[in-house]
């Protein structure tokens with residue numbers, strides 16, 4: 001009996017160590033991916049800066065963009081970041097219902113943000129300010145749409161996490177996925193703050 005308990009202790013210890021190593025590898029892989037994303041967005045921002053500096057008219061402040069709507073989008077995304085933070089807190093407390101609630105709130109805010117962004121694109125296109133208008137709108141659509149695509153995949157990730165929790169419970173693997181999602185979502189918030197400041201706010205001045 002003592003030998004069995006000793007063996008079980010060793011197995012549990014090995015399992016815990018394996019989970020920690022797996023979590024570390026996944027988080028490290030995520031950071032590598034985010035670094036590549038940073039490079040991609042840095043290139044897009046650089047191209048935008050070059051193009052916008054070579055146009056004679058300030059298109060952002062020329063009443064083409066609805067800045068109040070952009071401000072609301074930013075507020076919604078910041079709220080989603082806050083609710084995402086509460087997801088991690090609830091996870092650490094092993095409160096599955098709270099995880100569900102805050103993930104759902106994060107999803108709703110993110111979805112509204114994405115729909116508003118799509119609506120903005122639609123309004124620009126029907127007013128003949130699409131990506132084929134000139135170089136400025138081409139890089140503008142590329143930059144903002146690239147962020148929007150990331151938001152879209154983030155929403156899919158939320159749905160997959162909700163499904164996995166329902167089927168498997170709060171396993172160590174799912175905890176790692178939640179941590180990875182949280183880092184990814186906060187990264188997207190930071191990128192959007194840069195877009196809002198560098199593109200919209202700076203252009204409106």
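Any Cβ shown, glycine's included, is placed from N, Cα and C.
So that you can see what the record holds, here are the features copied from Swiss-Prot:
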type: TOPO_DOM; residues: 1-26; note: topological domain 'Cytoplasmic'
type: TRANSMEM; residues: 27-47; note: transmembrane segment
type: TOPO_DOM; residues: 48-69; note: topological domain 'Extracellular'
type: TRANSMEM; residues: 70-90; note: transmembrane segment
type: TOPO_DOM; residues: 91-97; note: topological domain 'Cytoplasmic'
type: TRANSMEM; residues: 98-118; note: transmembrane segment
type: TOPO_DOM; residues: 119-138; note: topological domain 'Extracellular'
type: TRANSMEM; residues: 139-159; note: transmembrane segment
type: TOPO_DOM; residues: 160-177; note: topological domain 'Cytoplasmic'
type: TRANSMEM; residues: 178-198; note: transmembrane segment
type: TOPO_DOM; residues: 199-205; note: topological domain 'Extracellular'
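The stretch from 27-47, 70-90, 178-198 with the most CB pairs below 8 A to the transmembrane segment (139-159) is 178-198. Looking only at the topological domain 'Extracellular' (199-205), the predicted model's pLDDT averages out at 73.
Put simply, of 70-90, 98-118, 178-198, the stretch with the most CB pairs closer than 8 A to the transmembrane segment (27-47) is 178-198. For the topological domain 'Cytoplasmic' (91-97), the number of residues in each DSSP class (helix H, G, I; strand E, B; coil) is 4 helix, 0 strand, 3 coil. For the topological domain 'Cytoplasmic' (160-177), the DSSP counts in helix, strand and coil order read 15 helix, 0 strand, 3 coil. Here the topological domain 'Cytoplasmic' (91-97) has Cβ contacts under 8 Å with residues 165, 169-170, 175, 178-179 of the same chain, all six or more residues outside its ends.
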